[in-house]
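Chemist: Pasting in a structure now, in C-alpha cells, and then I'll have a few things to ask.
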Amino acid sequence: MSVQVPEKPKLRGVLHQFAATGALGAGLVLVSMAPTHRAAAAAAVFAVSLVVLFTVSATYHRVNWSLRGRTWMRRMDHASIFILIAGTYTPVALLGIAGATGDRLLLLIWAGAFAGVLQSLFWIQAPKVVTAALAVAVGWTLVPYFDEARQALTGNQMTLILAGGVAYTAGAIAYALKRPNLRPGVFGYHEMFHALTLVGAALHFTVVLRLVRAATV
C-alpha cells in the first residue's frame, strides 16, 4: 500500500526559490567587497550558508519527491538551518567581536550547530517543537556574550542583529505551532515561517555587509 503525501500549498518553497538566486548574487558581491583575507573568508562562510539554506529549502519544497527522497531532503533542509545560524555568527565573531571572546563564541556556535545537524540527520521524526526549540536555543547563543557584543558593535548593528533574531524566532514559533494559516492551500504557517526567515536573513545580511566593509584585519 502506498503512503499518500499531503498536497503542498501552492506557494510552498517559492519565496526560497527566488531567495536562492538572490543570495548567490548578493554573496558574490559581499565577498568581492571584503578588504582583507579574514573578511573575505568570513563573508564567504556566511554567503555559502545562506545559499545552501535557500537552495536546499527550495529544492525540498518545490519538487514532488518520493517518500524516501522526501525523508532525505527533510534531513538536509533542517540541517541547513543550523548551518546558516553558525554561518551568520561567523563574521560577527571574527570581524565584530573578535579577540578571545569572538573565538569562544565561534567555537560555541559551531558546536551547537553541529549538535543541531546531528539531530536533523538522525532524529528525523522529532516533533516540530523540539526542532524549533533547538534552533532558537542555538540561534540565541549570543546572549551570554551580550555585554561584550554591545561594547564591540555599534548600536545600529546590535539592533539589526536582535531584530533578525526576533524574526527568526517568530518564524520558528509559527513552524512549531502550525499557525497562522493565512490562506490554506496557498500560503500557510510554513510559508509564514519562510517569509520570516527571509526577513531575518536580510537584516543579518545588512549587519555582515557593514562588518565586512569596515574590516581592517
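For all residues, glycine too, the Cβ spot is worked out from N, Cα and C.
Per TrEMBL, the features are:
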{"type": "BINDING", "residues": "His61, His190, His194", "note": "Zn(2+) binding site"}
{"type": "TRANSMEM", "residues": "14-33", "note": "transmembrane segment"}
{"type": "TRANSMEM", "residues": "40-60", "note": "transmembrane segment"}
{"type": "TRANSMEM", "residues": "80-98", "note": "transmembrane segment"}
{"type": "TRANSMEM", "residues": "129-146", "note": "transmembrane segment"}
{"type": "TRANSMEM", "residues": "158-177", "note": "transmembrane segment"}
{"type": "TRANSMEM", "residues": "192-212", "note": "transmembrane segment"}
Chemist: So which one is it: of the binding-site residues His61, His190, His194, which has the fewest other Cβ atoms within 10 Å?
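Modeler: Ranked by other Cβ atoms within 10 Å, the binding-site residues His61, His190, His194 bottom out at His190.
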Chemist: Around the Zn(2+) site recorded as His61, His190, His194, what other same-chain residues have a C-beta within 8 angstroms of the site's C-beta center?
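Modeler: Along the chain, the qualifying residues are Arg12, Gly13, Leu15, His16, Ser57, Glu191, Phe193.
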Chemist: Which residues of the same chain, at least 6 past either end of the transmembrane segment (14-33), have a Cβ under 8 Å from a Cβ in it?
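Modeler: For the transmembrane segment (14-33), the nonlocal Cβ contacts are 40, 43-44, 46-48, 50-51, 53-55, 57-58, 61-62, 191, 194-195, 197-198, 201, 205, 208-209, 212-213.
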